[in-house]
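Noted in TrEMBL for the protein shown:
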type: TRANSMEM; residues: 75-93; note: transmembrane segment
type: DOMAIN; residues: 135-370; note: domain 'Sulfotransferase'
type: BINDING; residues: Lys144, Cys145, Gly146, Thr147, Arg148, Arg227, Ser235, Tyr336, Lys351, Gly352, Arg353, Pro354, His355; note: 3'-phosphoadenylyl sulfate binding site
type: ACT_SITE; residues: Lys144; note: active site, for sulfotransferase activity
type: DISULFID; residues: Cys337-Cys346; note: disulfide bond
Amino acid sequence: MDKFMKWVRSADNVLHCSTSSSSSSSSTAPSSCLEWEITRARWHGWPTMFVEREGRVMGGRCEGWSSPLSSLRRATPLIVLASFLVCLVLYYVSPMGAAAIYAPPSLSEGMGISSATTEAYRKRLRVRGTQRRLPQALIIGVRKCGTRALLEMLNLHPHVQKNGMEMHFFDDDERYANGLEWYRKKMPYSFDNQVTIEKTPSYFISREAPARIRAMNKTIKLLLIVREPATRVLSDYAQIMDTKLRKGKQVAPFHKKVLTADGEVNDGFKAIQISQYAVHVLRWLREFPREQIHIIDGDNLIIDPYTEIDKVQRFLQLPRHIHPDNFYFNETKGFYCMRNETFQKCLAGAKGRPHPRVDPVVMSHLRKFFTPFNEQFYEMVGHNFGWPTS
């Protein structure tokens, strides 16, 4: 039997439902469907045109008007399927996803995303054909000689995949105890034709690191960047001073840190010990042949980055994709920055921080102290860097 339902607004502004049929004039309760729609209409303040019109009730459904909820419910399977297909396509072929793995992630950093966020995001991404691999090359030091700049410049190469965090795996007993599988899982995803590079400058001065690295891979390629030792000490001091001052701590003047009360070089100062390159490189040459260790001139990297980076890409047996036009001198910052077809990047403000003014006599004293260490280093590595002796 056909029934007709009509909503009538009373004087107290309440909607009432009345029904009528060809055989009876008795009122019945409205269908649950229509009750739900009028409740929703009043709650959301929707226009009342659809609730005041007559709607034919057949089979428990309100005809004449289809609720948004019902339409959405019917469309849900299609929405879910379409979303799944879109996600699947993006996962495998999205240029953005691939760029985060294959292209330099510094693009994101240049857009204002922190390096820590970028690194965490990058490590979670996986493109088909990639996997986490143990590093095939390591930047082992030296601290304050340009290790970060070296890593970022190498990352211009599409066949290089950097691990942005300093892992301290081989020089920290607790981390080393986690095992190589733990270390491997900390590496970014990479393609077969990419070289994964990890950087931890403190490996160079570690007694345990050389043998541990050899146990992992005796054919691994090692990158060592050095600077004139006295200048490196000053740069090291500048960072220590900057860190302590930001924490509100007092800092002793440079000459009091590097010299004893009687004017001798304070070889108990860690920065002095690090700059004694011959002492540390001996441990590495006991574990690895010289041809597996490429030494970068950090002073020359500052003024002629392409020359040094070109040597590295040849040492790593990579196609020569990095060219002179990938570097440009930033007049404001006073050092070279990097660029490619899609982005340009300068290192953070902490890089290239100004050194404190130091008495030239103090620097001369340091250079005389380092001269015998330097000469021994030249002989061990087969290259004379020509560092000043006074």
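Cβ coordinates are placed from backbone N, Cα and C, and glycine is handled just like the others.
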Looking only at DSSP and grouping its letters into three states, which state does Ser235 (3'-phosphoadenylyl sulfate binding site) belong to?
helix
Between the binding-site residues Lys144, Arg148, where is the Cβ count within 10 Å the lowest?
Arg148
By the count of other Cβ atoms within 10 Å, pick out the sparsest of the recorded positions Gly146, Ser235, Cys337, Cys346, His355.
His355
How many Å separate the Cα atoms of Gly146 (3'-phosphoadenylyl sulfate binding site) and Cys337 (disulfide bond)?
13
What is the separation, in Å, between the Cα atoms of His355 (3'-phosphoadenylyl sulfate binding site) and Cys337 (disulfide bond)?
20
Report, in whole Å, the straight Cα-to-Cα distance of Cys346 (disulfide bond) from Ser235 (3'-phosphoadenylyl sulfate binding site).
19
Cα-Cα, whole number of Å: Cys337 (disulfide bond) versus Lys144 (3'-phosphoadenylyl sulfate binding site)?
18
